[in-house]
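Per TrEMBL, the features are:
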- LYS456: ATP binding site (BINDING)
- 307-347: domain 'EGF-like' (DOMAIN)
- 427-635: domain 'Protein kinase' (DOMAIN)
- 1-25: signal peptide (SIGNAL)
Amino acid sequence: MQARHRKMLLTLIIAVLVSAWPGAATPPRPSGAAPSCQRRCGDLAIPYPFGIGRGCYLYTGEGDTTFGLTCNLTADGTYKTFCYEVQVIGISLSRGQARVRGDIRSWCYNRSSMSMDENIIWWNDFTDSQFRLSDEDNRFTVIGCNSLAYMGSANTGSKDTTGCMATCPAAGRLENGSCSGMGCCQAAIPRGINTYEVQFDDRFTTSRTRGFSRCSYAALVEAAAFDFRTTYVTADDFMESTGGKVPLVLDWVVGKETCREAARNTTAYMCVSSNSECVDSRNGPGYLCNCSRGYGGNPYIHDGCREVNECATNPCSVTGTCVNTPGGFVCSCPDKTRGNAYSGTCEAQSSQLGVHLTVGISIGLVVLVVSMSCVYMIHQKRSLASVKQRYFRQHGGLLLFEEMKSKQGLSFTLFTKEELEEATDKFDERHVLGKGGNGTVYKGALKDKRLVAIKKCKVINERQEKEFGKEMLILSQVNHRNVVRLYGCCLEVEVPMLVYQFIPNGTLYQLIHGRPHGTRISLATRLKIAHETAEALAYLHSWASPPIIHGDVKSPNILIDEDYTAKVADFGASTLAPTDEAQFVTFVQGTYGYLDPEYMQTSKLTSKSDVYSFGVVLLELLTCRKAMNLQALEE
């Protein structure tokens, strides 16, 4: 008996030693948290790898608690979710994102001390986490009157900085929902950052701006969730209506390796569900897991990806039969029928030989005729395409295309000749808005129902031909309420066509000289038009980057909308200003009666030429007399 006991004890000791030997035990493969873990806090569902409490979330080591959340009872009596003391309001597994409530940085004028509050540098730091600020969904937003603020990050040792300035217009010119520079501005942020600082610049703040707008605000905010209100500038509504917090989107990953690297370590690989796949993060190192096509659920837990029954949504045609398959579905026609059960119809099969023979011969003839027609049409299309490509390259289209690829978020469009012909009924005379020495302007309607003004130019300066597309791209980025927007251009024709914003109320020339005698517009309206035109030219000369010289400022090129707001138009003659102040723009064609004497003698155009032409427009506004009686000669 004693010998038997000693034998059992020896066996137990050997088993313990083997289990304690390095490498004898394998770390458990991640498989999600225990079923007893809390998976909801208030209205927010909390899927793994996130969780509340130890053992309920993914712990990556090194003190990182990215996925560890807390559920707190707040002052309003509701439970809310927090991570790193930041409230979490949404979690997306498929996108790898968390929506949180981020802080707003404010800088206000203290009426008691009659000075601005201390301009301290304000930080928000997610460095020790798997979070990164989403460059796709967030925008750095500044609100105020002549408020300039910067957002900086020091993730890689070299500082990435972005910022913008909210200008200070009159209160009546602020627009709800518009954050394009007046009272509110937005800027894109760099990719791959997880920490940022905010600081204001007070060089443009004056006593006048403090009286109009007491506070300036800066925040990183989810662009889709932000809606500008004019009271954010004229009152303190921004902080009061948001509670000092705005939605912010954070991208997250479950590792620091690529998918290929992570898959080699099967014990730590997080895509544990069958029918799941790995996706490399686009916002810095790391990876995410998604369910495969046709499956839905949680790829981070075993058997978390479940098959989706596509047939439940009835994807087949009315007469078709749907059969659900792993990762997809199949549509088939009922017995003794044939056809396209996915989107067409199922028809009864015919057994008559004569019908089959007739159908076969007919199809053969149709195929022969269609084939011959296709060969001819392909030949014609290739010839036409060759001509279009030649004009496209000739007008700098390739250079423009490369510029558009390198810049995100551009609203500039390269229209085809066919699109503009469709918009104007092939440039029917009924759509003509006006004709001049430089070309003809047509009214058109695009497929998206936008009304546009399409200018067919007569000639183009050969010196600018190769740079034409690139210059049009720069001009399209001009964003001012008193400047007509340039939507795009067409480079597939011998002389490029320009597509502008349509202004319905005609030109200033028509307003002044086309009205019946004795029905002149009021002096206040004329002064308003003059002021708005001056602001537009000042913007082109001083704020556009690079500066723009209009080159043909005249009353026919100033459009008037329904509210008698001035819109400076016709960039056909506009020119980008040289970077060297010693240089001049030459060979720019203007309009007699508006050109300054220096240009008439030297053919060298500067911003002073626009100012002189504007002076002529002022006289025209005040006296209601034409600049010169050379209109007929010019046309």
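Numbering starts at 1 and runs along the chain as it is shown here.
Every residue gets a Cβ built from N, Cα and C, even glycine.
Applying an 8 A CB threshold to same-chain residues 6+ apart, the list for LYS456 (ATP binding site) reads PHE427, GLY439, THR440, VAL441, TYR442, VAL495, MET497. Per DSSP, the domain 'EGF-like' (307-347) is made up of 4 helix, 16 strand, 21 coil. Computed over the domain 'EGF-like' (307-347), the whole-number mean pLDDT of the model equals 75.
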